Amino acid sequence: MGKFTVLNHPLIQHKLTLIRDKHAGTKEFREIANEIAELMVYEITRDLPLESIEIETPMGKTIQKQLAGKKLAVVPILRAGLGMVDGVLRLIPAAKVGHIGMYRDEKTLKPHEYFVKMPPDIEQRDLIIVDPMLATGGSANMAIEALKKRGATSMRLVVLVAAPEGVKAVQAANPDVDIYAAALDDHLNENGYIVPGLGDAGDRLFGTK
């Protein structure tokens, strides 16, 4: 089964508290969400493989390290996932970006896919799937399956806030995908929202209702 990890770095926890506050405005929410994403990706990429190469500095030749293995791509689940992309790209500017569009039926809480656009070499990349909220797990599972159908074999899911129900659902359906969260909250309410959560991440990111 894929591992589930809460990233307890003090800066991540502090910044998450700032955007949980209902008084945080759109600008503040958007900026801090990207800051958290950047910190989280810094943490989850600690295990990336390195290889030795020879380079020449102004002082002479030397053997140094560079990233090896698969290249990276970030895949936001639209629309809220867009609010984490810039933070990831600040840390990994060469990463390709794919997009998966999902919307949730407010009555059934079931996800529906409406858009998928991926780099052509998706099977050769380590994918970082980003979405602020992991609630029921339906959207995450549908996104993961869409990526697998297109050849993806290496994926990590990065979320700001997770509910136990969503973690269990993703681990049951996709045990090969590791999940990273800034927080594991208490439960889902009757409307499928995470409690205490941070509200509707998409609306808070883009100033909509």
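Each residue, glycine too, has its Cβ placed from N, Cα and C.
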Report the candidate from ARG79, ARG90 that shares the 5-phospho-alpha-D-ribose 1-diphosphate site with ARG104, ASP131, PRO132, MET133, LEU134, ALA135, THR136, GLY137, GLY138, SER139, ASP200, as recorded in Swiss-Prot.
ARG79
Given the uracil site ILE194, GLY199, ASP200, ALA201, its other Cβ neighbours within 8 Å of the Cβ centroid, in chain order, are PRO132, MET133, VAL161, TYR193, GLY197, LEU198, GLY202, ASP203, ARG204
Three-state secondary structure, GLY199 (uracil binding site) (per DSSP)
coil
Give me the count of other Cβ atoms within 10 A of the Cβ belonging to ARG79 (5-phospho-alpha-D-ribose 1-diphosphate binding site).
18
